[in-house]
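Peer 1: The annotation topological domain 'Extracellular' is assigned in Swiss-Prot to 1-28, 78-93, 166-198, 260-268. For 5, the entry in Swiss-Prot reads N-linked glycosylation site. Residues or ranges marked as transmembrane segment by Swiss-Prot: 29-49, 57-77, 94-114, 145-165, 199-219, 240-259, 269-289. Among the features that Swiss-Prot reports, topological domain 'Cytoplasmic' is placed at 50-56, 115-144, 220-239, 290-317. Residues or ranges marked as disulfide bond by Swiss-Prot on the basis of sequence analysis: 97-189.
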């Protein structure tokens, strides 16, 4: 199936998890369950935030958008993984590949900005509580979210445009389970210098800006917490930031491990699985299980839905 001539490649083969044919069925079932839980968890969180007026605050606006982007990330990758478990040739066209990368890049870039925005929101809430409503209003959080999507979309389009300038005439086998930028560089017959330059010009500043925002915000938060005389106040502040800090830590550790320089091969696949599939699965539970406001909102929505369901059943009788 692999191309050995120098004709231009318009289709690729996603090698993915084909090295383990004996695990095909268990892996298919595992990824199916992960995909289902991820979509239900994230879209359910978006629905709860939308339906509960008390959650229409900056923190939950950012959280809802984060859940939406995690759903986008999962939709961009997992369906193709599931299809390829039982596909004979595991092919993906060039334009399918570009579309998959576009949505992945959009989701991951937006995640970086949203996590930074959530860190800044927590900084304002803990370090400047009296000025919170003036420094972080609902209107500002909506504007920041819109700006995040516009910037992420432009960032993604820039890299897709640069990828389309490349010609692929080497092997058409992508040693990965999705179309990512670095594995595609390896297959290019065109010098990817401009593409790499775009990474340094656009992607690196985004990473530096968002990581710096998170680090500075949490440094100020920790200083404020340690200055608090009340144990209850410190406990409440730690509890407020713990879930976000845990999520941010996992996301950036995995992302930095993944984008490090690496050799030919598929050594980066386990890390890629974690940050593209596992993190979107975990996020709604990290932010919800220990959050009383979200838990109470879920109970309220379920109770309301149950009331409507019972009323409909009574009317049907």
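Every residue, even glycine, has its Cβ placed from backbone N, Cα and C.
Context for these features, please: burial, neighbours, distances.
Peer 2: Residues 55-56, 60-61, 63-64, 67-68, 70-71, 74-75, 78-79, 81-82, 85, 277-278, 280-281, 283-285, 287-288, 294, 297-298, 301 of the same chain lie 6+ residues outside the transmembrane segment (29-49) yet bring a C-beta within less than 8 angstroms of a C-beta in it.
Here the topological domain 'Cytoplasmic' (50-56) has a mean pLDDT of 90 out of 100.
Here the Cβ of residue 189 (disulfide bond) has 12 other Cβ atoms within 10 Å, regardless of which shown protein chain they belong to.
Under 8 Å from some Cβ of the topological domain 'Cytoplasmic' (115-144) lie the Cβ atoms of residues 56-59, 61-63, 66, 209-211, 213-214, 217-218, 220-221, 224-225, 237, 240-241, 244, 247-248, 251, all in the same chain and six or more residues away from its ends.
Residues 61-62, 65, 98, 101-103, 105-107, 109-110, 113-114, 117, 181, 184, 190, 194-195, 198-199, 202-203, 206 of the same chain lie 6 or more positions beyond the ends of the transmembrane segment (145-165) yet place their CB under 8 Å from a CB of it.
Sequence-remote contacts of a segment are chain residues at least 6 beyond its ends whose Cβ falls under 8 Å from one of its Cβ atoms, and for the transmembrane segment (199-219) they are 109, 112-113, 115-116, 119-120, 122-123, 155, 158-159, 181, 241, 245, 248, 252.
For the topological domain 'Cytoplasmic' (220-239), the residues of the chain that approach it from at least six positions outside its boundaries are 122-123, 126-127, 290, judged by C-beta separation under 8 angstroms.
Outside the transmembrane segment (240-259) by six or more residues, the chain places 108, 111, 115, 118-119, 122, 125-126, 211, 214, 218, 221, 268, 271-272, 274-275, 279, 282-283, 286-287, 290-291 with a CB less than 8 A from a CB of the stretch.
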Peer 1: Long-range same-chain neighbours of residue 97 (disulfide bond), Cβ under 8 Å, sequence gap at least 6?
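Peer 2: Non-local contacts for residue 97 (disulfide bond): 12, 179, 184.
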Peer 1: Where does residue 189 (disulfide bond) sit by DSSP, helix, strand or coil?
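Peer 2: Residue 189 (disulfide bond) sits in coil per DSSP, no helix or strand.
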